[in-house]
Amino acid sequence: MAFTSLYKSIHVVVNISFLFTLALFFFFLSSTHSSHINGCEATVSRNNLRSVDASEPRGYINYLQLFDCVFNNYPVIGYVLLALWLLVLFYLLGNTASHYLCSSLESLSGALNLSPTIAGVTLLSLGNGAPDVFSSIVSFASGGGTGGVEVGLNSVLGGAFFVSSAVLSIISISVCRSSRPAISIDRLSFFRDLCFLLVTLCFLALILIIGQIRILEAMLFVFLYIIYIILVSMSHCCSKELGELSLPLLESINVQQQQQQQQSGKEIDSNLSIFKPESSESHQSWFLYLIELPLYLPRRLTIPLITEERWSKPFAVSSVTLSPILLATLWNSRTKDMNSEQSTAIFLFAALLSLLLGITAMECTENSQPPKKLQLPWLLSGFLMSVVWTYMIAGELVSLLFSIGEILGVRPSVLGVTVLAWGNSLGDLVANVAMAVNGGEDGAQIAVAGCYAGPIFNTLVGLGLSFVVSSVKAYPSPFVIASEDYSEFVLIGFIIGGLLWALVMLPMKGMKLSRALGVGLLAIYCCFICLRVLESLEILKLGVLLNV
């Protein structure tokens, strides 16, 4: 109940931040219109000091031009708005992945009759790791050269370090503070996951040492995750006891999160469907519903959902009608070498397809329940649009981080290993700690497993797909992975240090979670953060320390 209340509070705060950001933006835009020329002259002079790549917008908004032109006389207000917009983008990224992508993937796993074990390490892992995966792909594909590669690597590795060290340390300390007996962790699952993560990091370090990668090598890196799936399936089949124990817990994590999200979605859907005054219990509830609309409606109107809990025929018809138009708009906006005739042709084709899909959905669906036949096209379209929204938001988030780095003079890789990694891993922190504290010994087992399985997926699939995309773009030449300061090797070294600490402490304590394990992991993580802070302040140079 407390977690649900916290979720709703965060929901309200983010939506209010979004409205506040819009209000301040338009206020300062109108107030600085008269000094627009002078402000943009400052933009030109500042951009001359920046690289051409830094001044080129990576997303849909040119944050550098916005900051210099609109907020050149009010930099503090500009910092506040960028921080609030960063908060909104983090929320949108996590909420879209959990609220829409996970829902589509869970329905797809049921439609495809996948076993819970396979679904858990494939589709559901994709839903939970979507923010890291798409942030990495966007960073590599942004055309930002070394900067984009560094952000992609540092965000995924930073998230892996945060989850495998900081989150696990909080779990260990939280569990030991309770009055319950010491909680034991399954030895086989622990060694399987930790050792596979070690192997993954060693392969990644080898790729970074070589400094380049080709398509086949990138595909082999992704193939390592298939090997992990086989290992998990084999260990699950060989241990029925563990399988019967873990499956309900894995499902309970997703069910608990989805119940909160579906309840929120149902409340909004029910109030948007009719807008009758008597359907609201108070003016306060109406106010909460109204401030949620700007962030809720665009996604709800373009992502098809056919779950029983959230079925709405008007939304279903509008989603299949508007989604082709959204795709055409995004395609035209990102394709620079397209003339007006081609853009018009794409829009006309999208409009005809939208009309056809809208009429079909109107005639073939009922008001009372979702369609029972031909569910797969609905589920695939919902999955596709969820991926589009997740990728679009991740791209804007990475673009904003690059701009903040340029404005503050902080390297984007530092923001990737801290801000981006923390934001994308916040859901893992809340879910894993809550499961460990409230789920007893079984919950602690699943939480610890998640601290290793999640980083394995994000590293192999997130970075693996990024390598594949970048290698295809660079073909027939190999994709060059350059590092300016060898910070990625330092990060991998710290991650391995945390894994080795857990590998020593847990068997030493009889596979029981202990305060020593948590304090040690937290100390290792804090040492790394201090090192990166000193580096960003130019007090310490990693290249000098490594004699390179």
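Every residue gets a Cβ built from N, Cα and C, even glycine.
From a predicted model like this one, the values you see are computed outputs, not experimental measurements.
What TrEMBL records for 83-233 (among others) is domain 'Sodium/calcium exchanger membrane region'.
Look at TrEMBL and you will find 379-532 (among others) tagged as domain 'Sodium/calcium exchanger membrane region'.
According to TrEMBL, the transmembrane segment annotation covers 12-29 (among others).
Taken from TrEMBL, the feature transmembrane segment applies to 76-93 (among others).
Residues annotated as transmembrane segment in TrEMBL: 151-173 (among others).
As annotated by TrEMBL, transmembrane segment applies to 194-213 (among others). Long-range neighbours of the transmembrane segment (194-213) within the same chain, counting only residues 6 or more positions beyond its ends whose Cβ lies under 8 Å from a Cβ of the stretch, are 160, 164, 221, 224, 228, 231, 452, 455-456, 459-460, 463, 467, 471, 478-483, 488-489, 492, 495-496, 499, 502-503.
Marked as transmembrane segment by TrEMBL: 219-238 (among others).
Long-range Cβ contacts of the transmembrane segment (345-364) within its own chain (Cβ-Cβ under 8 Å, at least 6 residues beyond either end) map to 316-318, 320-325, 327-329, 331-332, 371. Annotated transmembrane segment per TrEMBL: 345-364 (among others), in sequence order.
Annotation source TrEMBL lists transmembrane segment at 376-394 (among others). Away from its own ends, the transmembrane segment (376-394) comes close to residues 89, 92-93, 96-97, 100-101, 103-105, 107-108, 111, 130-131, 134-135, 137-138, 299, 302-306, 319-320, 323, 326-327, 330, 370 of its chain (Cβ-Cβ under 8 Å, at least six residues beyond either end).
When Cβ-Cβ distances below 8 Å are used as the criterion, the transmembrane segment (414-434) is approached by residues 3, 86, 90, 93-94, 98, 128, 131-132, 135, 139, 150-159, 161-163, 166-167, 170-171, 174, 253, 257, 397-398, 401, 404-405, 447, 450-451, 454, 487, 491, 529, 532, 535-536 of the same chain, each at least six residues removed from its ends. The transmembrane segment annotation in TrEMBL covers 414-434 (among others).
Proximity of distant same-chain residues to the transmembrane segment (446-469), defined by a Cβ-Cβ separation under 8 Å and at least 6 residues beyond the stretch ends, is recorded for 121, 125-126, 128-129, 132-133, 135-137, 139-141, 152-153, 156-157, 159-160, 163-164, 167-168, 171, 185, 189-190, 193-194, 196-197, 200-201, 204, 207, 213, 215, 217-219, 221-222, 224-225, 228, 246, 249-250, 253, 428, 431-433, 435-436, 439, 479, 513. According to TrEMBL, the transmembrane segment annotation covers 446-469 (among others).
Residues or ranges marked as transmembrane segment in TrEMBL: 489-506 (among others).
Only residues 6 or more beyond the boundaries of the transmembrane segment (513-534), in the same chain, are considered here, and those with a CB under 8 A from a CB of the stretch are 161-162, 165-166, 168-173, 175-176, 182-183, 185, 414, 417-418, 444, 448, 487, 490-491, 494, 497-498, 501-502, 505-506, 540, 542. Taken from TrEMBL, the feature transmembrane segment applies to 513-534 (among others).
Residues 117-118, 121-122, 188-189, 192, 196, 199-200, 203-204, 207, 213, 246, 456-457, 460-461, 463-465, 467-468 of the same chain, all 6+ positions outside the transmembrane segment (219-238), place their C-beta atoms under 8 angstroms from a C-beta of that stretch.
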